[in-house]
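J.: Got a structure for you, questions after.
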């Protein structure tokens, strides 16, 4: 079945959705702030192709009411993007959050209500070579989609997952999608900021006793927050998670550098949706998070230094 998709934010992840859905014959368009692209070249582990695409800078230019609006902007632009697309969000349009980090789904529900927002856990890596040219570098698992509120029809979500898979982005439906998101928040919060601060890959962080101790502290604090905030989670304890983290999760991605490393060089990261969000949740629920707070401030300091250099 041909569907209509509007992808908001045509960066690394958004470009992948726009290119693969267009190639599969769906009516897909991108919404960008500036510099529209008319072709996307894809290379990497999911194959190589180049395809003409439609992108617009104004929401009024979008020539259809989409079935799905995919939000793939950086976390700090989420609220603005959600409000910007309102004119094309029809009665039967769903918002899909294709971002990692805490707070994006919550913002979407605040604006559009439960039963209107699909949450996804993105775990493939895409790198922008230049605008209109991306490389799919890694895929640790399928994309997971679902509705934490349980209000969206399961068959619709299963069919949507099948649509993405048939388009070339392996996806499955999971009722427990929020647990997958929390899992990714723990992983990203432990690895990304330290990788960005020290400019090293994940394997190096695990091998260095000092960064390993910092990661352990980050994880311990996150689990204290998870318990107090009653966030859904696969793991019963920080120790249970750490065992899997060091033995199973890091080895396959040991050579990987965090995307936050590129972001911090440009002076803007998603730290507020990761460790920064843990700090805020800690304050809300009375949990002390000194390591997460220190790392958040370190990343924000590096952002500021790099902004002054640009």
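From the backbone N, Cα and C atoms, a Cβ is placed for every residue, glycine too.
The active site, proton donor feature in Swiss-Prot is assigned to 184. The annotation NADP(+) binding site is assigned in Swiss-Prot to 9, 10, 11, 12, 13, 14, 100, 270 on the grounds of similarity to another entry. Taken from Swiss-Prot, the feature substrate binding site covers 100, 188, 192, 259.
Explain the structural surroundings of these features, please.
T.: Under 8 Å, Cβ to Cβ, and six or more positions away along its own chain, residue 184 (active site, proton donor) finds 100, 121, 122, 123.
In this structure, residue 100 (NADP(+) binding site) belongs to neither helix nor strand by DSSP; it is coil.
On its own chain, residue 188 (substrate binding site) has 100, 101, 258, 274 as residues at least 6 apart in sequence with a Cβ closer than 8 Å to its own Cβ. DSSP assigns residue 188 (substrate binding site) to a helix in the three-state reduction.
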J.: I want the residues beyond 100, 188, 192, 259 whose C-beta is within 8 angstroms of the mean position of the substrate site's C-beta atoms, in chain order.
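T.: Along the chain, the qualifying residues are 101, 184, 191, 258, 260, 270, 274.
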J.: Among 100, 188, 192, 259, listed as contacts of substrate, what is the widest Cα spread in Å, to the nearest whole number?
T.: 12
J.: Which of 100, 192 (the binding-site residues) has the most other Cβ atoms within 10 Å?
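T.: That would be 192, with the highest Cβ count within 10 Å.
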J.: Sorry to bug you, but what's the C-alpha spacing from residue 259 (substrate binding site) to residue 11 (NADP(+) binding site), rounded to the closest Å?
T.: 12
J.: Looking at Cβ-Cβ distances, which residues of the chain lie under 8 angstroms from residue 12 (NADP(+) binding site) while being 6 or more apart from it?
T.: 126, 127, 128, 134, 259
J.: Cα distance, residue 192 (substrate binding site) to residue 270 (NADP(+) binding site), nearest Å?
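T.: Just about 10 Å between their Cα atoms.
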